[in-house]
């Protein structure tokens with residue numbers, strides 16, 4: 001009886017909050033609503049609420065039918081949930097779009113001419129707000145781009161699905177009295193006279209050819225989802241961001257990236273929409289399509305006060321850390337929050353004394369996501385202006401604050417530590433590196449390879465056996481990948497993931513990298529002007545040491561894998577923990593490298609998979625993987641991944 005009562009209570013509560021949400025008066029956060037939803041799903045997976053669309057309607061507007069029902073989406077709140085869904089799907093590559101946090105709308109066209117705009121409503125029938133939409137930015141009244149000879153030449157007839165968005169900059173300038181951009185957009189789009197609708201923007205994310213009652217009929221100017229998105233842009237629509245991912249791990253990595261840059265966007269997003277490139281009409285007709293999913297940003301948030309900024313030093317970089325009034329988040333007391341870089345401080349207009357929204361999604365240090373308000377007594381944030389070690393003036397590029405002196409002892413010491421870490425030289429600890437650096441014996445990566453067993457043995461508390469072990473560990477990592485080689489030089493912003501993106505773009509050789517220009521790098525995904533300049537500048541400075549390591553025979557860069565079969569794990573990283581059943585751990589690690597992947601000795605941010613035969617254990621690696629959202633798979637799943645089962 002208790003279970004049935006709880007189900008009824010949840011149904012009632014969810015219906016109430018759905019109505020409030022879709023009519024611009026939410027009383028609880030998205031995270032709180034998702035928790036209710038997930039609890040009901042666990043108790044009653046076939047509950048009718050999962051197969052109906054909540055009502056969104058306003059009196060005073062004419063009603064109109066959708067060309068195709070505007071259903072709800074399956075949801076994944078974390079990487080394991082997304083992976084569980086993805087493994088059930090018949091496709092292994094994904095189209096990933098921003099899930100914009102606004103109000104859904106269908107724009108209807110007849111032979112290229114805009115005829116009406118219909119709100120979500122109950123998913124089948126919504127409010128006709130055509131007059132209001134005519135005042136919004138981003139509306140295309142006449143679609144002049146035709147299908148072309150490959151599909152026929154008739155102008156488009158069908159529905160364009162959009163999100164009505166209020167930009168954050170507009171909200172801050174004109175509508176601060178509204179709780180957030182979504183509430184403001186929902187309120188304005190349903191004003192009877194369309195007043196102030198010029199402050200709203202339309203972003204297109206989907207299209208369906210046909211007419212009311214006859215979806216997917218007639219000529220379509222696209223055959224796949226990717227062609228559809230290209231066509232929408234050609235037609236002139238503002239479109240949501242899109243990324244094409246070739247693996248589950250790449251989707252998870254991209255989600256982490258978007259969560260990091262989310263505060264700097266001028267619009268609100270609350271997740272990603274994942275789908276296949278193949279258009280499936282029958283699936284799209286469902287109230288809850290099975291072959292697409294909303295991969296949500298799992299957050300817990302609270303409002304608190306920014307008390308002070310502490311500047312954390314790592315290598316040459318100075319990173320702002322917010323010291324905040326203690327607040328409870330995810331069962332812990334939070335006193336510090338990450339701000340990533342100076343640009344975030346500027347974008348959010350943060351001051352000492354600001355009331356801020358702090359979120360936690362598993363990281364050790366939570367993040368400041370938004371400004372709640374700036375009270376009258378706030379103070380400007382002060383930035384350090386000189387290096388604490390060498391005294392050089394710091395450079396502030398917005399995305400980073402750093403010491404530009406390439407001879408700064410702190411930078412050199414950090415680079416040597418990074419080299420040892422990236423190459424995973426396990427017996428060469430940071431204490432030994434520090435002692436060698438302080439002795440003046442090691443001042444570059446090259447110096448590491450001139451060390452002798454006798455020199456190492458002479459160091460206090462070392463001894464010959466330990467010295468031989470360290471020497472062997474260092475020289476056993478002679479043949480390494482280009483990714484490891486470049487990432488090991490600790491160039492700001494150029495970690496293993498970014499080097500892999502360079503390789504994917506065709507930079508498979510050290511000489512190609514050394515000879516490339518800023519413009520060449522700027523064409524690579526996620527490489528903007530600043531990062532491209534940083535890379536070219538550092539490669540120029542480090543060129544002699546890089547080529548020297550190779551010319552002297554200390555390091556050999558492995559040639560890139562050429563066949564798709566051989567590089568099946570390219571771009572993926574693995575960490576193994578616990579006992580394996582079919583092979584030794586060293587054999588599994590060798591398999592990963594043979595297939596183009598990389599191996600990590602510990603769970604770190606950006607790791608693709610933790611492989612363990614006890615995924616439910618409370619081990620430190622399992623806990624860390626869960627905190628970082630890293631996919632945890634069994635040995636059997638790993639073997640499936642590399643085609644060994």
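Each position is counted from 1, following the chain as shown.
In case you wondered, yes, glycine gets a Cβ from its N, Cα and C as well.
Straight from Swiss-Prot, the features:
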- 30, 31, 32, 33, 34, 72, 73, 120, 163, 275, 296: NAD(+) binding site (BINDING)
- 99: active site, N6-AMP-lysine intermediate (ACT_SITE)
- 387, 390, 403, 408: Zn(2+) binding site (BINDING)
- 564-645: domain 'BRCT' (DOMAIN)
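Distribution of Swiss-Prot features across the structure.
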residue : record                                  : CB count, 10 Å
73      : NAD(+) binding site                     : 17
99      : active site, N6-AMP-lysine intermediate : 22
163     : NAD(+) binding site                     : 23
296     : NAD(+) binding site                     : 21
387     : Zn(2+) binding site                     : 21
390     : Zn(2+) binding site                     : 14
403     : Zn(2+) binding site                     : 24
408     : Zn(2+) binding site                     : 20
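When the binding-site residues 387, 390, 403 are ranked by how far their Cα is from the Cα of residue 163 (NAD(+) binding site), 403 comes first. The two recorded residues, residue 296 (NAD(+) binding site) and residue 408 (Zn(2+) binding site), show a Cα separation of 42 Å. Apart from 387, 390, 403, 408, the residues listed for Zn(2+), the same chain places the Cβ atoms of 316, 388, 389, 391, 392, 404, 405, 409, 410, 411 within 8 Å of the centroid of those Cβ atoms. It is 11 Å from the Cα atom of residue 73 (NAD(+) binding site) to that of residue 99 (active site, N6-AMP-lysine intermediate).
DSSP gives residue 387 (Zn(2+) binding site) a coil state; it is part of no helix or strand. Under DSSP, residues within the domain 'BRCT' (564-645) fall into helix, strand and coil as 26 helix, 12 strand, 44 coil. With respect to their backbone Cα atoms, residue 390 (Zn(2+) binding site) and residue 99 (active site, N6-AMP-lysine intermediate) stand 46 Å from each other.
Residue 99 (active site, N6-AMP-lysine intermediate) sits 38 Å from residue 403 (Zn(2+) binding site), taking the Cα positions as reference.
Taken together, the residues of the domain 'BRCT' (564-645) have an average pLDDT of 82.
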